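Novice: Okay, here's the structure, questions in a sec.
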Amino acid sequence: MSSQIDHVFDETRVFPPSPEFAAAAVAQPGLYAEAATDRDAFWAAQARALHWHTPFTEVLDWTTPPFAKWFADGELNVAYNCLDRHVEAGNGDRVALLWEGEPGDERRITYAELTAEVKRLANVLTGMGVGHGDRVAIYLPMIPEAVASMLAVARIGAIHSVVFGGFSADSLRSRIDDAGAKVVITADGGYRKGKVSPLKPAVDQALADRGEGAQLTVEHVIVVQRGGNEVEWTEDRDVWYHDVVAAAPAEHEAQAFPAENPLFILYTSGTTGKPKGILHTSGGYLTQASYTHRNVFDLNPETDVFWCTADIGWVTGHSYVTYGPLANGATQVLFEGTPDTPHPGRWWEIIQKYGVTIFYTAPTAIRSFMKSGRAIPNQFDLSSIRVLGSVGEPINPEAWMWYREVIGGNTAPIVDTWWQTETGAIMISPLPGVTATKPGSAQTPLPGISIDVVDDDGNEVGSGGGGLLAITKPWPAMLRGIWGDPERYKETYWEKFEKEGYYFAGDGARLDDDGDLWLLGRVDDVMNVSGHRLSTAEIESALVAHEATAEAAVVGASDETTGQAVVAFVIVKESYLAAHSPEGLAQQLRGWVGEQIGPIARPRDVYIVNELPKTRSGKIMRRLLRDVAEGREVGDTTTLADTAVMSVISAQVK
Ligand code: 6R9
């Protein structure tokens, strides 16, 4: 089967940056040429923005692909780069974290304070016998201690594995065991939707219930007091964070580690099989995280207030809450809660309160705000915003325009950033002062990044073509492997194409006539209708462009005549639901897609539902909808944010 994706969706609006923005921007057009002229020299220059205890002399070693080494003979300390060096440069009083708890409590933490905390915690970990290369699991809510814990682990050359606070004891257990963690850092509980949601019981359960012969590697559990809920206590194993940190020595000198020292493991669920422990290392990762954070978001660390809404359990929280912003000495908001607690304007209230200038969130959040209408954000002063970012899924043009108009005051450039847990940092994105942006397109590989759209053999499809997204040259923040499974690393990412060193991202994409990239969703989700390959992203965009639609997901379900048929699951805006019958709406939407894209894309079925199944990071899990559409029993739902939603959907479809 050819991997050409038939595409039909056309978007012609273009928004160039204002001349004032362009003139003052961090990233200027010359950056592309600089990177193209000498790629290694370009990345070396980016890396030198960090502090190296031992400067590197080599840039890239790609002699044994797919195993890359970046800056291999250099030595640095990641935490020193994120903390001490800002204090030593006289910026210790700058606020690092503007933390807001869900109940409305706040803490402002300066770089000097965060450095002091991390030094003590590093001493605590060392005292527990955690050393270079040991693994520490972090299972915490969005509180400052979460960021401090990541940095303390990094500071002593150990490896962290952050597990989403919303994951179950089972998921936590498999991640702790796979990594062989020595210590777990957790909390009694955290606030979620107005209540304390306990965390410690899941840790207790994950560490008990050992199967026959299963070895327990965890020796200590450090517990942050946050929820104030009662917890069970295992003497000799459990300690309170505040006790041990207060008792630890304040002095801690950051030691230098090789650039390729592992920094973290982060598990991605993928669509099938056991979660993959994606491994990242230090020098290259920090180089690209900080370079992208500065250039893509146009960061001025002295004046900007950055806010990335991602949880630290997601890669976006690693690169754009912890490492990128802190390496750049930025001031940022850290928020514990959900967007709608205690009221639906909570995020906009936070932007107004802290004067957020750069705001980075996911399309799923934007679409859910669209559903409740612009009157809510309009009650707040959002005029401080000057750059908006999107990540996690293709952002459909309708949501992009809403984001620009309602949140960005029609002026803030939107950077639609494509990347993955595996890529470690942003790979494709407009540059806000350079690129004339197009609603729905991530547009251009960043300077220093080489990406192409290719067919199954790895041949370029060229402008106007559709196919598979491939990364054609190694990049500094690339994953270095799958924890404990080098074969799976090679098979999953590097053996799809004939061409050696071509990385298979698993996403479909097309190039428009200007050569701009449009991401089309996971190739596993592509539908084949009567021999035409259709992308989920385009049909969903068409559905969302209808005034009745709030959100939509489409899947291909097997069909006797067409091979696969398009089946759509649609959330309708409340105002429409009251005035129309579901059957009438479904009929209208089928016709609408037919008109917008063409008869081939017209859904066979449109189901009106209240919810869509999403992961914690907001991605729609289409394989579960495919199960429903094909009348099968619904598969593994453990990574869903809300596991009850599938039974609701199944009931609504019957
Ligand atoms: C950062 C992150 C990676 C997958 C990726 C793609 C989708 C992310 C996107 C996007 C279109 C964007 N994705 N950003 N698709 N446009 N701007 O999300 O990492 O959780 O590993 O997911 O997310 O399908 O392959 P991760």
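Glycine is no exception: its Cβ is also placed from the backbone N, Cα and C atoms.
A TrEMBL annotation is a machine prediction, not a hand-curated record.
According to TrEMBL, the record shows the following:
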- R192, K193, G194, K195, T316, S530: CoA binding site (BINDING)
- G392, E393, P394, D416, T417, W418, W419, Q420, T421, D507, R522, R533: ATP binding site (BINDING)
- V544, H546: Mg(2+) binding site (BINDING)
- 31-82: domain 'Acetyl-coenzyme A synthetase N-terminal' (DOMAIN)
- 89-483: domain 'AMP-dependent synthetase/ligase' (DOMAIN)
- 538-619: domain 'AMP-binding enzyme C-terminal' (DOMAIN)
- K619: N6-acetyllysine (MOD_RES)
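Could you place these features in context, so I can see how deep they sit and what lies close by?
Specialist: Around R192 (CoA binding site), a 10 Å sphere centred on its CB holds 17 further CB atoms from the protein chains shown.
In three-state terms derived from DSSP, W419 (ATP binding site) belongs to neither a helical nor a strand segment and is classed as coil.
H546 (Mg(2+) binding site) falls within neither a helix nor a strand when secondary structure is assigned with DSSP, and so counts as coil. Sequence-distant contacts (6 or more apart, same chain, Cβ under 8 Å) of H546 (Mg(2+) binding site) comprise Q588, L589, W592.
Confidence in the domain 'Acetyl-coenzyme A synthetase N-terminal' (31-82), given as mean pLDDT, stands at 98.
Under DSSP, the residues of the domain 'AMP-binding enzyme C-terminal' (538-619) split into helix, strand and coil as follows: 31 helix, 27 strand, 24 coil.
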Novice: Considering all pairs of residues in G392, E393, P394, D416, T417, W418, W419, Q420, T421, D507, R522, R533, annotated in the record as contacting ATP, what is the maximal C-alpha distance expressed in whole angstrom?
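Specialist: That value is 27 Å for the farthest Cα pair.
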Novice: Looking at the binding-site residues listed here (R192, K193, G194, K195, S530), whose Cα lies nearest to that of T421 (ATP binding site)?
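Specialist: Closest by Cα: R192.
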Novice: If you check the binding-site residues R192, G194, S530, H546 one by one, which have a CB less than 6 Å away from any atom of ligand 1?
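Specialist: So the answer is none.
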Novice: Given the binding-site residues G392, P394, R522, find the one whose Cα is closest in space to the Cα of T316 (CoA binding site).
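Specialist: The answer is G392.
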Novice: Which chain-mates of K619 (N6-acetyllysine) that are at least 6 residues away have a CB under 8 A from its CB, listed by sequence?
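Specialist: The answer is T364, G392, E393.
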Novice: Please list residues from the chain of G194 (CoA binding site) whose Cβ is under 8 angstroms from its Cβ, counting only those at least six apart in sequence.
Specialist: E102, T341, P342
Novice: If we check Cα distances from R522 (ATP binding site), which of the binding-site residues K193, K195, S530 wins as closest?
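Specialist: For R522 (ATP binding site), the spatially nearest of the binding-site residues is S530.
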